[in-house]
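Asks: I am attaching a structure below and will ask some questions about it afterwards.
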């Protein structure tokens with residue numbers, strides 16, 4: 001039976017929902033329907049108040065051990081109370097008295113149907129729920145939320161659309177149905193910042209029970225929010241931690257999981273019902289230890305994120321609920337309808353808090369003339385920034401396709417504009433320091449960025465977006481620039497309009513936009529390895545299926561040729577990055593080498609032992625020809641001589657001209673083969 005969420009269990013958004021304690025007099029004046037709403041309190045009360053509790057006698061009154069201290073005693077036999085004392089909150093019998101809560105504690109036994117609860121039980125659940133602070137009302141104060149989840153400070157005031165009573169009820173119905181849920185909403189409605197918090201709340205109250213119709217045993221598991229990048233894990237976990245009234249992780253319901261996590265970001269007292277913010281790769285290592293799985297930024301089609309969707313769909317009986325969150329379904333709606341079993345689609349209507357104006361700057365050059373198109377684009381960008389300039393003390397973001405273009409455009413703009421220029425992308429280590437400069441500067445700041453800033457960092461003083469409309473899509477041993485998809489455009493545009501009115505200036509024709517099938521330009525070994533680990537049937541169990549299946553089967557044959565057992569592969573997947581699949585051959589040789597190779601993958605520190613080991617794999621590349629690019633760079637046109645992509649052409653930059661062969665150490669390190 002589908003349960004609607006009674007308003008007394010809404011999450012306190014501190015706008016029109018507040019934490020509240022109900023009195024017995026209020027209960028007496030309620031309708032039967034309103035009283036029956038308190039029956040659902042039995043689930044959080046059993047989990048968080050009555051678990052391991054017992055009956056005590058305190059000053060001659062039977063109470064629950066969570067109410068008062070006293071000697072453990074055998075419970076009395078319960079009939080209908082002779083008298084109700086609302087002042088003392090006790091039921092009076094001829095020979096004894098018992099607290100409302102203790103009466104309910106004794107009556108709420110396994111397999112009892114909650115619709116059988118009478119007024120006597122409901123009064124006790126009201127008292128127990130008040131003690132847990134699980135109830136809410138449309139009146140109250142922010143300060144009343146202190147202590148709800150053990151927090152020392154009040155919850156934040158959140159006026160966003162995702163925490164309105166209507167949205168809360170809709171999300172709860174989808175969550176409790178155990179159907180896969182696809183949740184969309186405009187940028188600024190609070191998808192990532194609020195919906196995970198709401199699901200944490202539902203999990204705290206009702207998670208772990210197989211049904212909300214009757215009392216059963218429960219299996220408490222946390223929620224996980226799986227994200228494609230460490231920056232997002234840190235950003236969103238910190239946002240939700242603060243909004244729940246915590247200043248430190250320890251003892252809060254918030255935990256983080258990602259590779260090489262620093263000690264200070266480990267919650268040493270996590271909550272069983274809590275929420276874990278994790279990178280996709282670490283989410284997969286313990287996927288079924290979570291009750292509710294939230295996968296964010298679905299539109300990005302991060303490889304491991306798509307694999308999580310496939311695994312969760314294949315083994316949907318092992319999880320309670322799956323939420324896929326994305327700003328837009330422009331590219332994926334039809335596939336999701338087919339792929340997911342009976343999915344629920346939820347859209348949270350709403351827009352950014354402030355208006356966003358759009359400006360189109362036409363490029364008269366056809367994109368097929370790449371160099372001329374970019375030169376015209378840079379000239380247009382200077383003109384646009386001069387015409388549509390952020391106010392003093394504010395910033396604008398220029399979206400370009402690659403790290404190399406960040407430097408190219410910054411150099412071009414610095415010579416022509418009097419503003420502060422910065423670069424931010426995924427490989428920049430001092431982003432916080434850069435942002436401090438941006439926020440403290442009285443001048444105009446222009447930030448040049450890759451698609452990294454579409455979601456990974458929120459710039460609070462940004463008022464203008466200048467979008468070149470392109471993205472670099474990596475491919476095995478190369479990659480190419482492509483025009484963005486509709487969902488990427490929505491993400492970029494949504495960077496403004498959150499704090500102040502914004503302007504979105506775009507420099508590309510909308511007809512150039514197209515969906516990007518990332519799987520067609522990826523190494524496919526992870527799909528093979530995780531399919532083996534989770535018993536996926538290829539290719540039909542994949543969320544996105546490669547256009548060229550021959551590459552998938554060649555990858556499978558290549559992996560099989562390593563002669564590594566499935567059990568060993570599973571251990572490697574759980575413990576190492578394996579940025580190049582060939583590294584697996586080295587990880588299985590010795591623990592000492594594995595430790596050094598792992599350190600190289602994490603830090604880039606290349607020891608002689610690791611270099612010699614990788615060279616022994618003979619990952620050769622043949623140099624076909626080269627040409628001079630600039631003072632210290634030569635472009636080498638090469639051919640791959642190993643692996644699935646044997647025969648594929650690649651372009652490699654090196655500081656001097658080379659002939660003959662190179663050995664590949666990593667995707668960025670190459671060693672010339674000594675011809676002597």
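A Cβ is built for glycine as well, from the same backbone N, Cα and C atoms used for every other residue.
Since this is a predicted model, take the numbers as computed values, not measurements.
Annotations for this protein, taken from Swiss-Prot, read as follows:
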- 185, 186, 187, 188, 189, 190, 191, 192: ATP binding site (BINDING)
- 172-347: domain 'Helicase ATP-binding' (DOMAIN)
- 366-535: domain 'Helicase C-terminal' (DOMAIN)
- 296-299: motif 'DEXH box' (MOTIF)
Asks: Take the motif 'DEXH box' (296-299) and count its residues per DSSP category (helix H/G/I, strand E/B, coil), listing them in that order.
Replies: 2 helix, 0 strand, 2 coil
Asks: Hey, what's the Cβ neighbour count for residue 185 (ATP binding site) at 10 Å?
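Replies: The answer is 25.
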Asks: Give the mean pLDDT for the domain 'Helicase ATP-binding' (172-347) on the 0 to 100 scale.
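Replies: Here the mean pLDDT over the domain 'Helicase ATP-binding' (172-347) amounts to 93.
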Asks: Helix, strand or coil: which one is residue 192 (ATP binding site) in, per DSSP?
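Replies: It is helical.
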Asks: Including all protein chains shown, what's the count of other C-beta atoms within 10 A of the C-beta of residue 190 (ATP binding site)?
Replies: 23
Asks: Look at each of the binding-site residues, 186, 188, and point out the one with the fewest other Cβ atoms around it within 10 Å.
Replies: 186
Asks: Run through the Cβ atoms and count how many others sit within 10 Å of the one on residue 192 (ATP binding site).
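Replies: Step by step: centre on the Cβ of residue 192 (ATP binding site), count other Cβ atoms within 10 Å, giving 24.
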Asks: Tell me, how many other CB atoms lie within 10 A of the CB of residue 189 (ATP binding site), whichever protein chain they belong to?
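Replies: Within a 10 Å radius of the Cβ of residue 189 (ATP binding site) lie 25 other Cβ atoms.
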Asks: For residue 191 (ATP binding site), what is the tally of other C-beta atoms lying within 10 angstroms of its C-beta?
Replies: 24
Asks: Going by DSSP, is residue 186 (ATP binding site) part of a helix, a strand, or coil?
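Replies: In the DSSP reduction, residue 186 (ATP binding site) maps to coil.
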